[in-house]
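Enquirer: Got a structure for you, written out below as structure tokens; questions coming shortly.
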Number of protein chains: 4
Amino acid sequence: MEQQKQVHYSDYLQLDKILNAQTLESDLLKQHAHDEMLFIVIHQAYELWFKQLLFEIDSVAAIMQKPAVNDNSPELQTVVHRLNRMVTILKVLVHQIDIMETMTPMDFLDFRDMLRPASGFQSWQFKLVEAKLGLKYQQRHGQEYYISQLRQQQIDLIKQTEKERSVIELLNAWLERMPFFDEVDNWTNYKSVASPLPASPNRGGENRSVPFWVDYRYIYASGLAEAEQNNIQFFDAVFSDESASAERQLSPKACRAALFIMLYRGYPILQLPFQLLNGLLEIDEQLSTWRYRHMSMVQRMIGTRIGTGGSTGRDYLKGALDKHYIFAEISRLTSFLIERRKLPVLSHEMEQRLGFVG
Amino acid sequence: MEQQKQVHYSDYLQLDKILNAQTLESDLLKQHAHDEMLFIVIHQAYELWFKQLLFEIDSVAAIMQKPAVNDNSPELQTVVHRLNRMVTILKVLVHQIDIMETMTPMDFLDFRDMLRPASGFQSWQFKLVEAKLGLKYQQRHGQEYYISQLRQQQIDLIKQTEKERSVIELLNAWLERMPFFDEVDNWTNYKSVASPLPASPNRGGENRSVPFWVDYRYIYASGLAEAEQNNIQFFDAVFSDESASAERQLSPKACRAALFIMLYRGYPILQLPFQLLNGLLEIDEQLSTWRYRHMSMVQRMIGTRIGTGGSTGRDYLKGALDKHYIFAEISRLTSFLIERRKLPVLSHEMEQRLGFVG
Amino acid sequence: MEQQKQVHYSDYLQLDKILNAQTLESDLLKQHAHDEMLFIVIHQAYELWFKQLLFEIDSVAAIMQKPAVNDNSPELQTVVHRLNRMVTILKVLVHQIDIMETMTPMDFLDFRDMLRPASGFQSWQFKLVEAKLGLKYQQRHGQEYYISQLRQQQIDLIKQTEKERSVIELLNAWLERMPFFDEVDNWTNYKSVASPLPASPNRGGENRSVPFWVDYRYIYASGLAEAEQNNIQFFDAVFSDESASAERQLSPKACRAALFIMLYRGYPILQLPFQLLNGLLEIDEQLSTWRYRHMSMVQRMIGTRIGTGGSTGRDYLKGALDKHYIFAEISRLTSFLIERRKLPVLSHEMEQRLGFVG
Amino acid sequence: MEQQKQVHYSDYLQLDKILNAQTLESDLLKQHAHDEMLFIVIHQAYELWFKQLLFEIDSVAAIMQKPAVNDNSPELQTVVHRLNRMVTILKVLVHQIDIMETMTPMDFLDFRDMLRPASGFQSWQFKLVEAKLGLKYQQRHGQEYYISQLRQQQIDLIKQTEKERSVIELLNAWLERMPFFDEVDNWTNYKSVASPLPASPNRGGENRSVPFWVDYRYIYASGLAEAEQNNIQFFDAVFSDESASAERQLSPKACRAALFIMLYRGYPILQLPFQLLNGLLEIDEQLSTWRYRHMSMVQRMIGTRIGTGGSTGRDYLKGALDKHYIFAEISRLTSFLIERRKLPVLSHEMEQRLGFVG
């Protein structure tokens, strides 16, 4: 390292590029609008962070693509660590909206018309973030609008990305191949839990021949009020109905594995898998909070003036709010949790497999 | 002050009450659930802050009730200061949800059923906050549900509050009696702005006989694209249609005053009024963010299990999200702003009235 | 505007520059370190925001340089608004440290040595922020070190900036020329406040010939415990000692004006001046919080390993922590406040001058 | 559960106590000061959260006291989870200072003297938090002052707590008994890393007879610049000098275990231990940030008026800032990290023990 080249801060960060990339349209038009600088800088800061998010997603996807990713390997910890970093970044991006809100509607009007038709909807990096996580074109709100805002090259990039394996697809595969779960799924050696379980045709002794989730169905159902009994159809649809659906990205098998992780996350070997699921839900929640605060900010900034297409920016964002949850299938599993004290007790052998050394 | 009594921190804060008010149901039932302490403490912290919010609202309302409140008096600054304090408190309450989210769904299940039928919907203080700001019973989402959750005494308290003058009603009266605005409303001495205004039957010279807002209507309309021309009906409805409406709490006169404040907020005498309007919008936005994050948290905590009435906690909160905006009529005014450079220029006399000393 | 050119988001934001300015040293050296991307992106985001801070400071200074800046003009509101925006930006910059902390010391070690001798001390933009606000070279901690880290061109830029009028110098001039204060300073028509004031040689009737601040000295002194009586020397030094001092940037006259603003900030005409002083204190506090969290982060990242010069990065930052308060002279005035009920009552004439219309 | 008693929100939260515990001194003295309510409520909110922190610390200590706590047991995950919750709570407590800062110095003066001699220094719960984590009386800044502020009963409580095993003592014991580490400490089977290590008297082959840390010393030393070579004495003091020291709470053996965890944290079995160490450092950092922002807030609120004892509140807090780091010995270990690529490679057998299943 002796003759290592000298690295200087300004060169290393390429500040000549970064700090010379702000040209105000209002200056070009000789109507200087002070707040346009803020408008440019904040969007550039967002795009820098979107680049970082894409970089983290790619690294996470690369690890999850390895078929041999062992649930106990250092790499799984890396995945969890980077998902948590993404959550931290997204929290700052939400906070950053406070800065945008220091620009009042009147200040924005000073240069708003000069930027037409540029808009935040043209952030292809943000759409890439969504696509890489697993949002499909047909799930997007306002598809035509969305296409109309982007350049062909950017649309191609997003479409290409949608063809690659997204994080949710990799998650599905990872859940399906969980090393111990093939056996769990058909596993019969957990100890029967006491009443108040309803009679199950397959229940009766310590050695039952039914798969885990079939039995769990009875335990779960026994906790439901009568009026909720129709929930059990929902249970079956999620955990056993193999019929494909456009809205469905997780297989019943993967859902069963995820439920098992949530239920028995106390066991050593399930701790990181649980943190992984949780990290994905946190990302969804922060993205959703970002969209919501963004929507509120747009509403405050430009009101609800009805636009040419009969829709407003706010309406578009509101539509996306509901439809762009990517890991909703994981989030939904919460509905199927039961009290810890009602959980089927695992056999000693199974506990050892899960890393518990009594 | 010599013989002033000695005040001790513990006595002053009545910590014997505060710190001895946590009794875990799970302990009473001999099934200790660690996270129940957090559940109690966080709700108590919320209720303490709700008490503070009510205290601030009452003080703000008391000031605004004085008919003589002069827009330049120290008291108006006090109102603005306390609204901003409320915003700061609400931001912390939103942040506080992060703490609740450290309780996982499984941890909650350990004691959730022991609390039935207690729920956050029974926070009558929060409903008082909404009522004092101006939310009416008939505007509330899920009215029956809401009644069913509260004690008669609490319902009476909220109903009583709804009969008193709320902040939005006081705002309406304050806007209507703005000292200089009676004249502005019929004011004819601002200088004509240049083209590209469309011909107005009343335009033509420096001395026009039309009220301010009638003329402004033409200026505003001239900025609308053809497809948006129907917006002008909306304009008329907001600023001139005196017909009452259940959803409407601000009179056309008050709306015109508020629009004037927004447009000419640069003038000294309008600075505090503008900050006041802005403070109310911030409160709405923070309340809304709180409801949204609350809703997301509930969804993560208890999922979307369909309840007895066919509805879920999440659905209830989602309904409230859209309907509980209290100052939406102010927020909507943003739609009617125009570029500063198109604003009618005020006469020198008017500028002096607005506190500008050239 | 018909044939306005089409503006596209990517072009407008010059994303080709922004998103192609990340070159990892670890890649060049063929030892890819994943976290180096984060390291680059976060520093670029900081530098973008520093550029924005400089832009706001320049605009604030430009307004304050106008000799005719009237304390009631729209421009004073603009100054306050932009100072508050700076506070909002600084809060996000503090929050952003959370992201940096997702990089563990071991992750940093993977590429830390590749960057030598680059360091955050080479951020000349941050030093410019400090210089433009009013920090002088001789007040800086570790002056030699600081020089050694920068390029000559950057040192020249900072030195040049120090020669221009800084915000604190402009503040001093603005306070000295406060339009009503020349009279206040020698003003004799405020009503005597009742006991428990000590006898003042100049007190006695409604019309006293002593300047405001001389009389205030007695009122202030009367509230001090005996043991604090030596504080009165400090009072005299701040408010009447004209002797120059290297550490002193505010004149006694300016200090008296600032104290008056703080004491009587309830009066309409003093509201914005008070908000201005408060904004500057907030900026100092956020800068200080940023330095503190930065210092803690550096300590966690690289420990307290003793470096070549016998000092550590942490020690440097710690030194700066105490010495780099820019508006400490304003902050110190808090020591001289007294209870509102002991304040000398202003005469009706004076109240009118201060904008109060009883 | 059928006949479970009905639980009502108000009763459950004992809101009759919580919401009736605010008595303003200024009301008792018939000089109502509006901001005193905020002052009371915010301190009560702080005390509620201190109670929660104490509850979490006690639960963490109870788990760590079990001699058999296995590093792979579900309970270790519980410890980490609760430490992280404490960090989340502390972040909100830091944020809460924003609310206090909405009270201006003049507003505080309205009732400040009525509270004498009550002060935040009388929060015995906060001192208990520090004591339970591991702060000793003799390490506290301003010991006499601190004693003089508390009631005998509170002092007794804190002194009693100091006699119990604190978190740092439990940490020391846990590190010393790490199940695999006794062997690691004397372990000779890791593969020699290549140059550029200096010659070590004990190096030479795959089977060395030196303990891990002795060899690590050479590897570490080889990375130090000549000028830093005296750091090696510091290394020896931390990792091998058994002589007791009043300031030292971690034994050399425990320090070696902690260093090993930090270096090899990628291995499955070390993941939770690493998260545990990290959680403790985060708690220290948040406590420190809280003290710093608290100090800045006090300075803004009451200035630097020199008090009776010649000291100021700010000076007291500043003293505590430096001395009250509890886990500084862990934080200091960062100084001894080396690049991952220079780390001694572990043998296959050792890797298996650490849970890596290649």
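Backbone N, Cα and C atoms are what each Cβ position is placed from, and that goes for glycine too.
Dumping what TrEMBL says about this protein:
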BINDING   D:Phe39, D:Ile40, D:Val41, D:Ile42, D:His43, D:Arg112, D:Thr308  substrate binding site
BINDING   D:His294  heme binding site
Enquirer: Measuring Cα to Cα, how many Å separate D:Ile42 (substrate binding site) from the residue listed as 'heme binding site'?
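Expert: Rounded to the nearest whole number, the Cα-Cα distance is 13 Å.
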Enquirer: Using Cβ atoms and a cut-off of under 8 Å, determine which of the binding-site residues D:Phe39, D:Val41, D:Arg112, D:His294 neighbour chain B, and list them by sequence position, or give 'none'.
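Expert: Checking chain B against the binding-site residues, the residues within range (Cβ-Cβ under 8 Å) are D:Val41.
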Enquirer: C-alpha of D:Ile40 (substrate binding site) to C-alpha of the residue listed as 'heme binding site': distance in Å?
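Expert: Rounded to a whole number, the Cα-Cα distance is 16 Å.
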Enquirer: Cα-Cα separation of D:His43 (substrate binding site) and D:His294 (heme binding site), in Å?
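Expert: It is 13 Å, counting Cα to Cα.
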Enquirer: For D:His294 (heme binding site), what is the secondary structure state per DSSP, taken as helix, strand or coil?
Expert: helix
Enquirer: Rounded to the nearest Å, what's the C-alpha distance separating D:Phe39 (substrate binding site) and D:His294 (heme binding site)? Just drop the number here, would you?
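Expert: D:His294 (heme binding site) has its Cα 14 Å from the Cα of D:Phe39 (substrate binding site).
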Enquirer: Whole-number Å distance between the CA of D:Val41 (substrate binding site) and the CA of D:His294 (heme binding site)?
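Expert: Between the Cα atoms of D:Val41 (substrate binding site) and D:His294 (heme binding site), the distance comes to 17 Å.
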Enquirer: State the Cα to Cα distance, in Å, between D:Arg112 (substrate binding site) and D:His294 (heme binding site), rounded to an integer.
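Expert: Given the Cα positions, D:Arg112 (substrate binding site) is 17 Å from D:His294 (heme binding site).
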Enquirer: Can you tell which of the binding-site residues (D:His43, D:Arg112, D:His294) has the fewest other C-beta atoms within 10 angstroms of its C-beta?
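Expert: D:Arg112, out of the binding-site residues D:His43, D:Arg112, D:His294, has the fewest neighbouring Cβ atoms within 10 Å.
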Enquirer: Is it possible to get the count of other C-beta atoms within 10 angstroms of the C-beta of D:Phe39 (substrate binding site)?
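Expert: Other Cβ atoms found within 10 Å: 23.
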Enquirer: Counting every protein chain present, what is the number of Cβ atoms, excluding its own, within 10 Å of the Cβ of D:Val41 (substrate binding site)?
Expert: 22
Enquirer: Under DSSP, is D:Ile40 (substrate binding site) part of a helix or a strand, or is it coil?
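Expert: Looking at the DSSP assignment, D:Ile40 (substrate binding site) belongs to a helix.
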Enquirer: Would you count the other CB atoms within 10 A of the CB of D:Ile42 (substrate binding site), including those on all shown protein chains?
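Expert: Result for D:Ile42 (substrate binding site): 21 neighbouring Cβ atoms inside 10 Å.
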